[in-house]
Amino acid sequence: MIPPLNRYVPALSKNELVKTVTNRDIQFTSFNGKDYPLCFLDEKTPLLFQWFERNPARFGKNDIPIINTEKNPYLNNIIKAATIEKERLIGIFVDGDFFPGQKDAFSKLEYDYENIKVIYRNDIDFSMYDKKLSEIYMENISKQESMPEEKRDCHLLQLLKKELSDIQEGNDSLIKSYLLDKGHGWFDFYRNMAMLKAGQLFLEADKVGCYDLSTNSGCIYLDADMIITEKLGGIYIPDGIAVHVERIDGRASMENGIIAVDRNNHPALLAGLEIMHTKFDADPYSDGVCNGIRKHFNYSLNEDYNSFCDFIEFKHDNIIMNTSQFTQSSWARHVQ
């Protein structure tokens, strides 16, 4: 018997670019005439939150360094998720120059809620996703220099050469460059890295209670302003990936506030990483996620973007989405 689709059901567009069909024991969805399997995330697929803190000193030295105010109860949202989803592992992916007492507070949080696992960025090996900055700049310089002089962007060429010469010894690394950012890029880049690891992230962190996960298990990332109201249950996602979609004035936009994958090294995120390895000015959000997904599904600008967003959207009735937009604190940016 084919299980019913969960609350995630790709919507039908007016021009029928998107449709859902079933075939024997496999369910399919399609975009623009091509079928993709609906991959199943079971009720034990781990959830992952993230908190990268620029300034741990703004918190008490013995407090959990995650914002938890009346307007922005991010820590409470995570704890609520752990309480509702007791059968799931709940990861909190963290980075920052934390005080010893703050790390102790994280450990106490893990003790109080056995399914919460605090995963420190510097405990995870992301080197397999790295590339030398010098190689990225040299490849782009060579591309410019190979063009006929009349088509060459001389200003860009000089800029690339300057950026190449400014790389400091020991910092010739794409991954390290985002450790110096401490802004959106820091958050977004390492979120992508974590979701490339997916369930393997929990195994690599060597946390008690994580050993039942397979090295290829999936993961669901949620921003800390996403509020879980009831258990999520099993979820189907197209070709093993789905993301949050914002809609403003009828215009849809893919967002990285939710990223769900059914396995590690998902091809769409690897496609985004390839762009990060190729473009000298790549953005981890618009290129690493959005353009990687577009590339994976062969989306072109000739196709209906809103329909594509319907197709790739992570939908669920038991999540109140992006609540920080109501408190002027959302990190959301809109790209098409």
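Yeah, the Cβs are placed from backbone N, Cα and C, and that goes for glycine too.
Under the heading N-beta-linked (GlcNAc) arginine, Swiss-Prot lists R24, R152, R333. Taken from Swiss-Prot, the feature UDP-N-acetyl-alpha-D-glucosamine binding site applies to Q50, W51, F52, Y74, A224, D225, S324, S329. For D225, N322, S324, the entry in Swiss-Prot reads Mn(2+) binding site. What Swiss-Prot lists as active site, proton acceptor is E255, and the listing cites a curator's inference.
In the three-state DSSP scheme, N322 (Mn(2+) binding site) falls into the coil class. In sequence order, F49, Q50, W51, I66, Y74, L75, N77, I78 make up the list of same-chain residues 6 or more apart from A224 (UDP-N-acetyl-alpha-D-glucosamine binding site) whose Cβ falls under 8 Å from its Cβ. A gap of 45 Å separates the Cα atoms of R152 (N-beta-linked (GlcNAc) arginine) and D225 (UDP-N-acetyl-alpha-D-glucosamine binding site). For E255 (active site, proton acceptor), the nearest of the binding-site residues by C-alpha distance turns out to be N322; the candidates were F52, D225, N322. A separation of roughly 6 Å, to the nearest angstrom, links the Cα atoms of D225 (UDP-N-acetyl-alpha-D-glucosamine binding site) and N322 (Mn(2+) binding site). Minimal Cβ crowding within 10 Å, among the recorded positions D225, E255, is found at D225. Here the Cα atom of N322 (Mn(2+) binding site) is found 18 Å from that of F52 (UDP-N-acetyl-alpha-D-glucosamine binding site).
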